[in-house]
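K.L.:
Right, I'll just put the structure down here and ask away after.
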């Protein structure tokens, strides 16, 4: 239910925010928004480190509120705050213009003018808008002018979905699906498993102080002889504090790359950042196979986190910009479905192959990241270009 609720917000957020930005600063602003994903990850990692090991909570015969439940309760609070704040935001003027609702678009522009300048709405210099109506926009208005939002919603979704898979949009749709699928296999496949890898190195180092070991060697020990193995008589739910610290460092490593993306994405372009990110993170995935200590594992993991976070911002910018206004949210939604499927498959592949055949996950993820990143070269250059 939680995933269902969160899944609908992503496409709307990116499309909505992009349509308010000037073309010269759109990439920087979208990257700035993407940086808050990193800050959110940093917040939950730090919060988990503080709350979960503390053991705080309340327990009675009929009710149990332990530390991890308190952690989840705190994490839910920002969603309620965001829901309230969204009520005060206006509709996208570009979307209104695509529907021919020029008067409503003017009102939104006046509202933005008042908020930015503090001046009276009557002093806004623009009185009328002249917009070249494209055939697809005219068709949209003619078909749905007589329908209310509820009755036309399903037909609207079906029509937009059909357009995504017909020429000339089909090329953009297929490439965006493949890129998101391959990228998020690597992103979620490794990022979600880094805390588990840190925990395994911690368990191995306690049993073998000072002895170096590869990830595969550590995994073999944990699976066959560790406290949570099938041969163990006990199952421990305790996690060492060092695991939380290493997770926090890994997430924090993405902050410099996010700043770099904000400052440079409108100069160097979305494709540069995406190719650079996928190549670097792919090489880090291969590098994980060659680490021999928890320290080098942490370093490689941090570099991977930094590189792939930078690429995530570029990918979100590029995918948001390639679709026309009337198909943007639907196109981004379809791409995010592929991303979620990639995340699910990535976790399954890592969980299965890491224990059964350790070298496989790192090289599979590296191939998918680098190959998927190169596909962006077949998409149009949207850097500093007007939205379609």
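Here the Cβ of each residue, glycine as well, is placed from N, Cα and C on the backbone.
Note that TrEMBL annotation is computational and uncurated.
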K.L.:
Quick check on the annotations: TrEMBL lists transmembrane segment for one of 70-89, 90-109. Which range is it?
P.N.:
70-89
K.L.:
Give residue numbers and ranges for long-range contacts of the transmembrane segment (331-354): same chain, 6 or more residues beyond its ends, CB-CB under 8 A.
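P.N.:
For the transmembrane segment (331-354), the sequence-distant neighbours (Cβ-Cβ under 8 Å, at least 6 residues beyond its ends) are 3, 7-8, 10-11, 14-15, 161, 164, 169, 172-173, 176-190, 192-193, 219, 319-320, 322-323, 360-361, 364-365.
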K.L.:
Do at least three C-beta pairs under 8 angstroms join the transmembrane segment (169-190) to the transmembrane segment (360-379), pairs 6 or more apart in sequence?
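P.N.:
They are in contact.
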K.L.:
Could you tell me whether the transmembrane segment (360-379) and the transmembrane segment (272-292) are in contact, taking contact to mean 3+ Cβ pairs under 8 Å with a sequence separation of 6 or more?
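P.N.:
With 3 or more qualifying Cβ pairs, these stretches touch.
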K.L.:
Are there three or more C-beta pairs under 8 angstroms joining the transmembrane segment (360-379) and the transmembrane segment (30-50), sequence spacing 6 or more?
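P.N.:
Since fewer than 3 Cβ pairs under 8 Å link them, the transmembrane segment (30-50) and the transmembrane segment (360-379) do not come into contact.
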